[in-house]
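Each remark here refers to the structure printed beneath this line.
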Amino acid sequence: MFKESFKYYKSKWPIPNLTSVIDFRERGVNEIQELHLNDCDCASLGLPLGLNPVHCWRIFTLNSHPGLLIIRHAFTTLGQRYWMARSLKDYPKAPNRVNLNERLFQKSVLDDWWFSLQSCEDKDESRRMKISMRWTTLGYHHDWDTKIYSEDLHTKFPEDLSKLSSFFANILGYNDYQAQAAIVNYYPIGTTLAGHTDHSEQNLEAPLFSFSFGQTAIFLIGGKTREEKPTALFIESGDVLVMSKESRLCYHAVPRVMKAREETWNCLIESTQPKESSVEPPVQPSKRLRTEVPCIDSRETSAALEWAMDPILYNQVADEIFWSPFKSYLHDSRINLNVRQVLHRNRTTLNGH
């Protein structure tokens, strides 16, 4: 059943009917329920730069998949841009691992893919370089052959992504969560991710956080076996998907990446705060687009440093000239940061110490 659904939504011809895909923009969808959080309950946690206040978020659960959460409207436009830029410019750098084959690409490309891509003057080579990048791993690096983690393949996990993940975990009541491994996936439109489960971590009780940016994906979530028919969801830019409890070991896949209905990450306006009464908050029209780099004030700098973010980069992504190559890449691509805790609580290494 899972394989058949995957083939159906992947199909280029005939084009699949998407009316059965759950759309969180629509009201009154029977399969989902909405949860509500209160800012007051989360006040002690602070708020990372680039996130909307918690009362602006919309959090959904699926009746058929306990433990699966979808968080919408958590990120501001600048927040989306910051994490997109980090995922493209910084995370693929050595010593982080990438999928690029050393026999097909020079070491300079493997060490700093984004810089090499932007420096390439050969249009065909640039395209090859772009579509060949499919993943980079952070922290504990997943071995795709053995499906296990190793202390020999372990580098420092990015502190900003760790703090972001811990913030979402704390909001949901996982107070001891530690982000220790991540796979950053790069999906050009037309690519897919086959059905699988994430079971390599020692700690399977901790939730898995999936941050999506860029073009829209259809996400399939099934059951513990491939025989169960999956549910299809639209996942859009800025959405956070959380797999916890019963859903943590369920089969899931991405059979289709498609053009977004609205490129919210390009709608940078002077005020990206949604109105509290709005059902669909993100972009308010008729405001002047930022075409110059705003000076980041001391309050924003302090907030960025508190959350281990790069205040200079946060400032730069508001500049449309600086943003131009990122905008070009995301015109036909999606980025997904898949973050997980590897070790059991109070453990510092895989061997139990």
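In case you wondered, yes, glycine gets a Cβ from its N, Cα and C as well.
What TrEMBL lists as domain 'Fe2OG dioxygenase' is 178-274.
The Fe cation binding site annotation in TrEMBL covers HIS196, ASP198, HIS252. Around ASP198 (Fe cation binding site), taking its Cβ as the centre, 17 other Cβ atoms fall within 10 Å, counting all chains.
Spatially close to HIS196 (Fe cation binding site) yet at least six residues away along the chain are TYR251, HIS252, ALA253, judged by Cβ distances under 8 angstroms.
DSSP labels the residues of the domain 'Fe2OG dioxygenase' (178-274) in these numbers: 8 helix, 42 strand, 47 coil. Other than the site residues HIS196, ASP198, HIS252, same-chain residues with C-beta atoms no more than 8 angstroms from the centre of those residues' C-beta atoms, the Fe cation site, are GLY195, THR197, CYS250, TYR251, ALA253.
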